[in-house]
Every structure is written in C-alpha cells, then in structure tokens.
C-alpha cells in the first residue's frame, strides 16, 4: 500500500514536471537532522569514553563490516544505540537479529523509520544493495543470527507444496492473493506484491515486527523456496483467468462492483428505455 | 355499473361491423382495445414512412443486429480456436474468458438495443387508458359466494354430525405425522453421540498420549519452532490432519522468555499450572465465537486475531478475549515432551472447542 | 377426385383457428395483448431481478452438468498445476475442472455468480422503489410480502450456492453458519447435528445444499415469482399521478406492440451486462483459496454482499453472554443475537410494514397512484433510517478491508461501527425528514410564485429582485397567476423544464430532434377522441 502511494505520488510529481520535491526534501531534512544528532552523539561519546571505544572493538571487523559500521553510526545509531545495543523507548537491540533482519528492514525501506508509529511502513530504500549487505555484515559480526543464503532462492521449487504451505502459514494474515490484511489496533500484514525473493525469505527467517518467526527447522529452506515460488510465480506471475481481478479483496469489491457497474449501467438503460423520445 | 366484460354495445357509439371491408387493420385493433375498456387517446407515428429519419433509424437498428451477428461469430471463433488451457509455466490464457465475455456481451447488447431502438424509435408513440376495474365484487356476488360455501358446510352436516369431523381430524393427524416422520427421523442426529462435542482427536487412545504432528504428519520437536514462532499442529492419529477432526487443529506457539513467564503466571492463576511445556503453549485454533481458525498471531503483542469477526485473544493471559464478539477464552491443550523428544498432548482439551451452544457446561 | 389445393398463405390463420377451436384462446389472448402498462423507468427495476433469475436458471443448468456435489476425498490431477496432488473434496475438484478443464466453464461460473449478485441487488433496489413510492399500500400488501420473502429465499439460494464449491472461503462461511445454528438456545446442537449429519463438517452437507440449491429453493423462487407477476398482472401496475391519471385507470402503453419489444430488448441488455461482467471481472477465484480445510483461512474472509450486513452485525456485537445457572448451566452465546434474532426481527418488520403503516394512518383505502417520497416525510425518513442501518452494518462487514486499505485501526473501525449503528440511523431519519419538508415547501413556492429565471432586476428604489416566471397565465392584477394546486407530481423548477412532464432525460443519449410531422400514413390514421368523451382519462365519466 505504501509503495502504491509512493508510486502514485511519484507519478503525480512527474506529471507536474517537477521532481518529488516534498517527500525527498523531507527525507533529506530528516537525514540531515539524524546526521547532526548522530555526529553530536558520537562526538560527545567520544570525548567521554575515548579510551573505551578502542577497547570495545576487540573482535576485528571485516572490511565490509567496517563499512557497515560507518553507515550504522550515521543512520541507525540514534535509535539502536552504540554497537546496536538498543535505546530504551526508541529502538530495540540488534544483537542476534542477524543479517536477515537487516536485509529485510533496510532493503524494503522500513528502516530507517520516518517516525515512531504502530508499524514501520515500506518506503523506497535509502541504501544501495551493497550498503545493505555491509550493514548486514556488521550486525551479523556483532551478534550473529539468521542469514539469508546466497544464490537463487527458488531453485527447484514445487509450486503445489508452496501453495499448501502458503495457505496454512501465510494466508491468514497476508490474504489469499497476498494483498495483505489488517491486524489489531492499526497494525497490518503488508502486501507481498512489492516484496523480492530475498525479502520474503528474510521475513520468514527473522519474523519482523509482529510476524511470527518461521525458522529453518519449522519451514526448511526448500519449503521456503516453494512458498516464494508460489507467491512470485503463481500469485504475482500468472495472470488472473477470469478478467480484471478487482484487487483480489474478496467479496467486498465484488459487491461494490455489482452496484457501481451492474446496477448503474442497467438503471441508465431503464432511464433511456422509459425516457420520452 | 360497468361490468367486467365491458361489452362495447353498452358504451361505444355503435358496435363496429368487423366485416366491413373498409376497415383497416388498425380499426380492428382499436375495436379490440375498446372491448377491453382501453381507449387509445394518442397515437403518433414517430417517423414518416420513407423519410430520412426512418432510413437513418432503420440503418442504425440493422447495424446493431449485424454487430450481434459479428460478435456472436467472433465468440464462436474464439471459443473454438483460442488457446485456453492452463499450462504449467505459462499459466492460463488471461484473454480467453474476457474475450468470450466481451463478444457474448456485445452480441446480447446489440440485439437488445436493436430491439429497443426498433420499438422505441420506429413504432408509433401511444397513450392508452384502461379502466382498472378493481372494485370488489358486487354485494350480491359476495353474498352468493359466501352462501354457496356455507351451503356446502350444511350439506356435509358438520354441525349435525360432529362425529364425522372429529373422526376425520383424528384420522388425519397421524397421517400428517406420517408425512413428517421420515423427514425428521431420517435427518435427526444426536449431537452427543460418542460425546463428540466435548472430545477432540487429542483424546488419549488406550492410555497412549497423542502426539502433536504437522500438516504432513511429522511429529514435532521443541527445536522445530523458533522463539516468536507458531505452528499449526494436529493430533497424530488416523485422519488427524483432515476435516474429520475439524475441531482439533491447534496452534503451538514458542513464546519469548518474558512472555512465557507472564503466560505461566496466568496459567497458575487459572489452575492450569502444568499446561505449558517450557516456553511452549498450545491453544485451540478454532475460534470460540463462530469457529473460524483464529490464527493471526502477533508475536510482539501476543495477540491472536480471528479474521472472520476480529475477536482478539491475549495469548499470555490464557487466551482471554480482549476485543470483539468472542466471549470465551480459547481452550488450552496441556502439552509435554515424550521420551523420544516429541510433543504430545497430556490429555484432551479440558474445555469445549469451538462455538458456544446451549448445553455447554 | 380432384386434390384440394394446399394454400400456404392460409396456413397460419387455419392453425390459429384450429387452436382456438380447442383451447378458446382468442378472447383471453386479446385481453393479454391489450393490457395497458404505465411507463416509468423505476417500473423496470423489478424486471432486472426477473431477467437475472432467468440467466441464473440457464447458467446454473449448465453448471450442474459438470459439478459433482460430493465430499468424497479425491486427489486433484487437473490442469491447474499449483493444486495438483492436493487432496480435496470431489465438489471442489469438479469446481476447479469447471474453471480450468471445461471449455468456457469459467465464464459460465462467473456469469452465474454475477447474476446472483445482480439478482439480489436488483431485488433490493426494486424494493426501495416500491417502499419509497408507497406502492405496497392496499391492495398490494400481498405482493409486498411475496417480494420480501423473495429477498430472503434469494438470500438462502445465494448462501447455499456460495457454499457448494467447497473452497477455503465457502467452507469458512459454512463453518460460521454451523456456529450460528449452534447458538440457537435449546435446539442448537440438535439442529446443527441433524443438518450436517453429525459433527461439522461431516460428509453430506454439500449434497444436501446442492439439492436445496438446484431444486427446492429455485422451485420456491419460481413459485413466488409467478404469483408475484400474476398479482401485478391481476391488480394492474401502479402509476404516478399526472394529467389524466386517476386512481381508477391506467395510462400507458398497450402490451402489444411496443411494451413487449421494450421488455424483450431489456432482457437482452440485462443478459448482455451479466455476460460482460462475467467475462471481464473475475469473481470468486476459488483456485486461490484452496480446498476447505478447517485450519486454513484467509484474511478478509467475507460473505457475498447481501449477507455482509449479518457479518457486520456479528462483528459489532459486544461479547455479551447470558448464562443460565440451572443444573450444569446453560448459555446463550453472543452470536445468537446478531445472526438469529436480528434477521428474525427484520423479516417480521418487513412483512408487517404495510399493515403497520395503514394502522398508524388509519388508511384502508385502495391506492393505485404512487406518492412522491417527499410527500410522505415520515415513511421516507423511516426508509432512510433503515437504509442507513443496513449500510452501517454492511460496511462493518467489510471493516477489515477498509481498515487495511485506508490505514485505519481495525479496533477503531469496530468502535466506529458500534457507535455509528446507534447514531447514524436517527440522524438519517431527522435529515431526511427535514429535506422532505424543504422540498415540499419549495414545490409550493414554485407553484405560487413561478420558476426562478435567474434574471435579476433592479427596482427604482434600489432593491434587487429575481424575476419569476409564473406557471399559470397571469390574471393581470400583479403579474402573478393564481397559485396552483399541488397534484403529487414533478413541479418544473428550471426554465427548460417548463412544459416537460417526465424527467428531462431525453437528449442525454441522443440529440433532440424536431418531432415528426403530422401522421398521415393510412395504416396509422390519427386517432380522434370519440365525441362523447371530450375530456381524457377521467375514469369517473365512464360510470
């Protein structure tokens, strides 16, 4: 839904012939504020704990993780704290969440969050794939945790098994057509339409926000591949057989359609038939 | 008084002689209308024969009929030759059904609007007036009908021969019951046969505890579910993973440490102290409201939402309903791990599964 | 012997003669052909329901050739790969075959479903027309009752049909239905067990619903529709007030030739619209829902729109349980009130309404003339209240979809529905009542002072006034004619409406052309009023 909004806003802006002034400007502003805050925090911390910083770096980080740490200290440290220990009331600790969680949250643009709200929304990502990998590497080396494997994530998948697993594990929240659904008190299960293979895999592995965790013991990597194939190839890939799918919202939009299309068309016909000519 | 037959002789100026050779067909039609108490007060052809307007309208209507023919032909061609089968990898053809609908719809609309235009534009406009004649029957007729019915009662002698009436009633009552008996007797089914409303597939059989299994029948080890994860489990019996045991599906949840503590404390309060195993809890997946699978588990808030009527249950408080129309907590399944390391149900559910009913204790 | 010559031209007449010899059909036929029907667009709404019922019979018959109403478990092996190898009921497998392996089966299925939605929608729209115009008054109470029953029987037809494919969505609906039956005090569990042949879902319910859906309910619908139409025919259609129209006559067109063409054409249009929707809009894609399994559900599980108000009332109902502490204790669950009691009240109210209104107004006269909704503010407002009630419930039936797509909290939606159900209907009553009174007053004003012309004139003393065009001829004393009486029909309120009686719809589809020249065709001689009845349409003069 969010991505829809963004796309629509983008289209509107393009039609107007201007760049996406507002949102991008705001995002830049936000980034600047965060940057300043981060710099001040880092600077302050440095003067107080100058000797300690060296001491905490004892496990040597790989080159990628070092790059990731630099990004983290600029963009994430405000909420997740130094060394990803978490900040009370602002952001949880990231120790042990693994690169899967980072990959899901950052590559789908959910993190960094624009503001504190019931649930992080999908946004255009702020980091390149390479930067996401570096951030993930940093968090992974800090505290370990689940990782999304490399390579083709739906190799040799069986769509039929995937469908069975999708219906039993996923459709109750994400709906039969993967369009998403409401949860309690403003939370929601997002639409899976914009999600990439890696994001779906990472989400199952890490259980972002209120989504339950589907570890590799529960749903094996092969089964995960089946589910991803079912979502990507059947729900998104093949077209609907019976014409325009009305958004796949179930009977709600069908009921709307019979009044807005069927009844309206026929009432106009009756007006014409009985009209004086 | 006007009569229902409305013979023209009583009203019209003079009865028409239908054999008069000078009469046009319209005259005869009009005479027929007159006999039905219809007066055609306005009759106005809309187009002049041979006029430009008539030719234009004729062309329009003809075009519509020809469009119908073309669309119907297109329908047949598409129906027969368009590739339509669902094939693995390619999927079905997304155009087949829409094209059929389009051609069929256009064909039907063509003939429909053709006929409508023909009737509406080319036929003469008219205003006719017909008498309703919806007065009740004359008092005499009413009287006669009533007396005739009463006369029948007299003839039968219902009053004079009460035995006949009573015996007829006594005879007919069992006959009515005979008509109803096979229907009721055939359909009726005792809901409490085998105590089926109060037991599930987790009822230990021959003293053997029932394993919890996945949808593919494999038993479950504690390590199979990560903290914050949930799994739908079934009784490990024959037909356990099928609609035969529609009341048995259960949600097995691995709570995080602090949530598990809350849950354990709540269990203690309810006297269900030994229902959990470690940080694992198992609740019925069948909503106590209307029976949908309540399975939208939010792992941070520990709420379980039912997608049908939005009842929300708090897992860490004995699955107590906290919002929506459900009035009863989800029943909890007491679980433990057997010597082989697989989850089993300690006993059957101790509360009734699924929607409430009158005699639920 | 000479063979008699066979005359082809005389054949129709001879056949007709032979038929009349045997069946005496000529006189009744003349009466039927000569029946006069009043013409108004709103009188065609019921026909939409009738015609979609015919389409339902046609498409439904096709579907029965392929559907297998059995719950025996089979393993699907049809064309649709994503379900291949899945165990499912024979009913679901045959529904999938209808969608993927029967050529043109999908469009038939979709047309059937759209026709069902249209059937129910047009019943409701038709019913609103009848209600708001007072067409249900004496002598037509019986037809109103039959119409109300048609809605509820159609409701059953829809629900049994919705349950047949045995996919995930329909099975969930069936599960809820079983929960509703269970909630009935005292007999609930026995009733459910008897209908399902044991514990839910059992193995027989699909076959039972099938015979109800294809035989019992359609037969009942057919019978009710026949009586409904028969009564319309016998009692003759109501009409709007207007020049020449009285309580004792019908002004309109004869059945033959023009009216029957309009009906036939309209049937084709309804059929065409259903075909277009059936082809272009996907409905109930059962293959995404999978087979019904008691542990599988999709977010946003909803019934079809005409059941959604009951789903809504169920969602809004607070968790009030009544327990009766006798013996082991008995329960009346909260599900009972919104799903059994509420529809019971609604059926009762709808059946009783004509009698309630007649009693309240002490009006026991025959009424063949319709009323404009504004002229009966109390009824119109009550109707608006009912509609508001229905809409709040229906929206609540889809409140999870609304919450998700418009980013509203689900719990807030439920509360909005609960409060809205109490607040919106009375508000609708009040507003409608005031609007009706306002419209009435405006009508009277226009009749008294004329139509606003939009021309502003400045008087010599500096005041500005708008010039009104009086509706009656000026009688010379102040430029105004005498105030006209209101006759229950449209008052022209714009200059371009002056002189037009019906709503000015003409010109919407086609440019308005000059009227045809005076009729001179010998086949259609101009009709002159018969001398003794100069004034048209006053049914009294006939007596």
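Glycine is no exception: its Cβ is also placed from the backbone N, Cα and C atoms.
The feature compositional bias 'Basic and acidic residues' is assigned by TrEMBL to C:527-543.
The domain 'Cytochrome b/b6 N-terminal region profile' annotation in TrEMBL covers C:15-241.
Per TrEMBL, the feature region 'Disordered' maps to C:518-543.
As annotated by TrEMBL, transmembrane segment applies to C:41-67 (among others).
Tertiary neighbourhood of the transmembrane segment (C:113-132): same-chain residues 42, 45-46, 48-49, 52-53, 55-56, 59, 144, 147-148, 150-151, 154-155, 157-158, 161, 270, 273-274, 277-278, 281, 283-284, 304-306, 353, 373, 379-380, 383, 387, selected by CB-CB distance under 8 Å and a gap of 6+ residues from either end. The feature transmembrane segment is assigned by TrEMBL to C:113-132 (among others).
Taken from TrEMBL, the feature transmembrane segment covers C:144-164 (among others). Under 8 Å from some Cβ of the transmembrane segment (C:144-164) lie the Cβ atoms of residues 49, 67, 69, 91, 95, 112-113, 116, 119-120, 123-124, 126-127, 130, 136, 170-171, 173-174, 177, 205-206, 209-210, 212-213, 217-218, 220-221, 224-225, 227-228, 231, 303-304, 306-307, 347, 350-351, 353-354, all in the same chain and six or more residues away from its ends.
The transmembrane segment feature in TrEMBL is assigned to C:209-233 (among others). A Cβ distance under 8 Å defines the sequence-distant neighbours of the transmembrane segment (C:209-233), meaning residues of its chain 6+ beyond its ends; these are 35, 50, 53, 57, 60, 64, 67, 69, 140, 142-143, 146-147, 149-150, 153-154, 156-157, 160-161, 163-164.
Annotation comment: TrEMBL describes C:264-283 (among others) as transmembrane segment. Counting residues 6+ beyond its ends, the transmembrane segment (C:264-283) has Cβ neighbours under 8 Å at 44, 47-48, 51-52, 54-55, 107-108, 110-115, 117-118 in the same chain.
Outside the transmembrane segment (C:335-356) by six or more residues, the chain places 131, 136-138, 140-141, 144-145, 148-149, 151-152, 179-180, 183-185, 310, 313-314, 316-317, 320 with a CB less than 8 A from a CB of the stretch. Marked as transmembrane segment by TrEMBL: C:335-356 (among others).
Among the features that TrEMBL reports, transmembrane segment is placed at C:376-395 (among others).
Cβ atoms under 8 Å from those of the transmembrane segment (C:415-433) belong to residues 312, 315-316, 318, 377-378, 380-389, 392-393, 395-396, 399 of the same chain, restricted to positions at least 6 beyond its ends. Taken from TrEMBL, the feature transmembrane segment covers C:415-433 (among others).
Note on the transmembrane segment (C:41-67): residues 91, 94-95, 97-98, 102, 105, 108-109, 111-112, 115-116, 118-119, 122-123, 125-126, 129, 133, 150, 164, 210, 214, 218, 221, 225, 229, 237, 263, 266-267, 270-271, 274, 505 of its chain, located 6 or more positions outside it, place their CB under 8 angstroms from a CB of the stretch. In the predicted model, residues of the domain 'Cytochrome b/b6 N-terminal region profile' (C:15-241) average a pLDDT of 93.
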